[in-house]
């Protein structure tokens, strides 16, 4: 079942007791997590309702979970409702002046356990939460008898599933625009980066863990290893732009060296950074590689010859490449890439740091690139 939200109803088990309002609960006060009741409470005397214990959380998704617990059989038949206190786990490093998330208080009828708690308006992907439970018995006058709070349990919600990513993919399809020809992938970095690759990695760029840019629920952030490339071209020249936010030195490599019939293509994310520009993250993985296996389990696979973002087709024995015009593609290649397969040269344009997407946070209010999952 889906549990309804009680916005201003239950007192938190981690705070002093407060009156429950709405839902005809005006006269009730709940215990805090230490089991203390207000001395002047209007609540009926507790009749030893069983306290939930041995709480189990499973079937966790990015916006739902199942919860169950054990309880003594004594007075079990008098339980009519469950009160659930759900809070984001406190981040000690968070900005103290930032508005705190309002704790979510849920009330549910006493259905058979396990019970599903679902709601994208109060559950965010890849986020740590604490949860505690009370049992309650509704009286004829509308008041409740409640148990003490259970122990506090911690859990973390999951990443976006393939289903959620497919929803993002469908939204990205809408704005991708027409396709433009291109012939090279490129990667900008500082000169020191390429010197380090030559001196310490045998002249081969190595995959590294993807940063946390993009959607908060993306399954590749902080997990997928790869090398970042671009393929955007200037409309009037058909060549890569001379400006870059990532460094004045550019490695260029022929497109067929990275993207060919021996690789698979995956959709990774769709996001923006409070601007009109939208970004699509794609992953290219050699067939059967560790990166390919990682993506196959987590990401929607694209038809390399027919999709709205990046294509590789054959014509007269040659491979032709096209990229979407109206989104900025960020391409992640999951294997090492030898510098000898391409060229490194200094660009003639500017280093536009303001356009960097390193650890960029997605605009959660954008209707173009958000789905109804998490906040």
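Cβ from N, Cα, C; glycine included.
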Legend entry - From 24, 161, 356, the one Swiss-Prot labels phosphoserine: 24
Inset, instruction - From the list 15, 124, 244, pick out the residue that Swiss-Prot labels phosphoserine. - result: 15
Legend entry - 36, 59 - residue that Swiss-Prot labels as N-linked glycosylation site: 36
